[in-house]
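S.K.: A single structure is presented below for examination.
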């Protein structure tokens, strides 16, 4: 009741934040004259002065006004650009670890320089994160002169970069790169076998450009480094032939069945489900194809992999459509990002779905993969000490940013008032009527000399509009995932008078449509342009620019609403940049996906009750409210899915932290002899306790079993029964000590043969390899657990609690296995001296071979579904150590050599090299 009154009196929270920062802006402005009077050298020396003051105890907040004033003055001298007051507010917002929402064309790239410069002074590194490599290079090279003028180094991390370059980039004061590359480098660092191989420093401060795209749109997409699993391409092809024989079961909302079938589709959740009839029929088909034994159930434990293939095939055929969710290019299935409309090369769907689509399209089926390391952006970016972000559209997701990342959103005022007109939506009964109205609107704008940007949700829609325009004889450009290579050229001319550009959501990120076109692109196209040519190009552009301004600026037409209001706002934001005139209009129909799936029948009945005729549109608040309600419903559902994914991944993340900490401790240690001793003690205690229960009678002891496990796990044959027969005073504790001493003696003998230094290095390599292999298998087991944990709900159990409980048990088993298997490999392995150069070359070759087999995936998953992969068969020992494990009995050093030479083993084949 009093909220509106209080807001009127004191302003909104956002207004109060902006007002607070305006005081600091005044402090920066007060220093402008002083900075103007400094020479270039004096201005540059301010950086070293700030660093010295920080070392003496001053804080970044205390030097902020001066640092911002220095950065602003350097921007004027080097770039010819002066930071506006609102940009200073944006810089302060970033420095405070918040998200700055800034409209299109307000200079986010320049804003970032303020917070980046200030935080780079601490010498701990600053990461600037972009959504693609093009923007990373563009922004780094664009701002490099400014940073280097101020004495700071700039690096760029890119895929397939030589290790030396990558390490140098991370050692720079400021590092630019994509979210994918930063995330993959983090995972790769935690697979390194020496500290020298690691690239990243401690994660200090990151500024994320297009933060909503990375932290929200990409949140459900884990980063995965994977190796190849078994090949099952033939099975995908066989299943693919069976899927078309299944029919869809269609049922109206009133429960009336309009078509009997084998499966149903839920368009809201994008899920497909076999019914009872479908299960029986697919079992018959699988049996006929020889894939399922006669009389067996598809739900038998050993057939669950087959069931997964069936569902993957169903989803590939019924939920994924060519030119909508993916395109086929160069005999490869390339996924399309629903938020940007761009293709995502290298990204593959998990759970065998990508292979099923390849089978559907008749392409070569790529092998499945097994996860070696994974994380999510949600958990990776929360590792930074301080995080900040910039975007043009964050306010609609402010609650999620605060809940998940503890990042408040501050809406930064525009430098000039927004002059764009956003017209009401026009809703038609059919898509045909809607597209006819769009063509009519385009005609009108062309006659006025206004440029038009037509935004579509899919490639199909963009090509349909293109065909309609061709039929009318209108010249136009199409920008979608098929023509992305021409993006810069098309966008550069999209603001010319009368230009018509049809684009999917691609045109929403990192691009500005300049009214009149982009004269700089024209100049760049000329080789060695003269001053006269440049002047003429500028003059021509000025005429076109004025012509478009007088006509009303850029007009944005959207052919349908997106699931997210944020994506709609991004499209609108293409028009009206920096106070320019412009307008936007959304054209909808009752046949659009969002309206069909989420808007209630009430809207349809309401429109029909009005007696609307063909071609008529409706502009009514009730319809607009229904659309916004549908969008909020979808946004809420997507938020719940992301939150659920995070809750599950948080469990794995805590385990990941423990394993990576253990790994880093091993890498940092000069030698791990004490760790090996602890592993041996714990593994031995567990083995003895399993065969000699505490406080048990000698009659209950399993001595043969203990002797067997000591040989299998510790590589030493010990006559325990003989000891007990010869010494009646031996009891549980003294026997334990005697066994431990015998194992130590055997291991010390191995150390004498190989040399202490060589064995210490070997121990570290073995423990790291065992840890990596068992962690890989643990990830696979966790995937399987998460995939089926929702079924516990049918037993009245909480799936999340069950997942936490079982994953904790699995993790305890993992830690025990690391200790036991490390000792097992070290006990069995035959160590020989090796030339250091040869050893380094061998390890390097192994690392290169491993890298060749790795795949870097950013695979789409749901909160509960992960890849169904068979865990690698390790049989108690890591693959890398198999070649080193003895299969023959151990030969004593003083025994005759088995080669038949007559010499003792230690003087023949057992001689230390």
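Every residue gets a Cβ built from N, Cα and C, even glycine.
Per Swiss-Prot, the feature ATP binding site maps to 87, 105, 106, 107, 108, 109, 512; the stated evidence is sequence analysis. Annotated region 'Disordered' per Swiss-Prot: 864-913, in sequence order. Sequence annotations record features per position, and here Swiss-Prot assigns Zn(2+) binding site to 897, 899, 908, 909 based on sequence analysis. The feature compositional bias 'Basic residues' is assigned by Swiss-Prot to 903-913.
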S.K.: Pick from 106, 512: which of these binding-site residues has the biggest number of other Cβ atoms within 10 Å of its Cβ?
M.R.: 106
S.K.: Report the same-chain neighbours of residue 87 (ATP binding site): residues 6+ apart in sequence with Cβ closer than 8 Å to its Cβ, ordered by sequence.
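M.R.: Counting only residues 6 or more apart in sequence, the Cβ neighbours of residue 87 (ATP binding site) under 8 Å are 106, 107, 110, 111, 114, 415.
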S.K.: Note down the number of other Cβ atoms within 10 Å of the Cβ of residue 105 (ATP binding site), including every protein chain shown.
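M.R.: Excluding its own Cβ, residue 105 (ATP binding site) sees 20 Cβ atoms within 10 Å.
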S.K.: To test your reading of the ATP site: which residues beyond 87, 105, 106, 107, 108, 109, 512, same chain only, put their Cβ within 8 Å of the Cβ centroid of those residues?
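M.R.: Sorted by sequence, the hits are 102, 104, 110, 111.
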S.K.: Let me know how many other Cβ atoms fall within 10 Å of the Cβ of residue 109 (ATP binding site).
M.R.: 17
S.K.: Would you pick out, from the binding-site residues 107, 108, the residue whose Cβ has the largest number of other Cβ atoms within 10 Å?
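M.R.: Max Cβ neighbours within 10 Å, all protein chains included: 108.
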S.K.: For residue 109 (ATP binding site), just give me the three-state DSSP call.
M.R.: helix
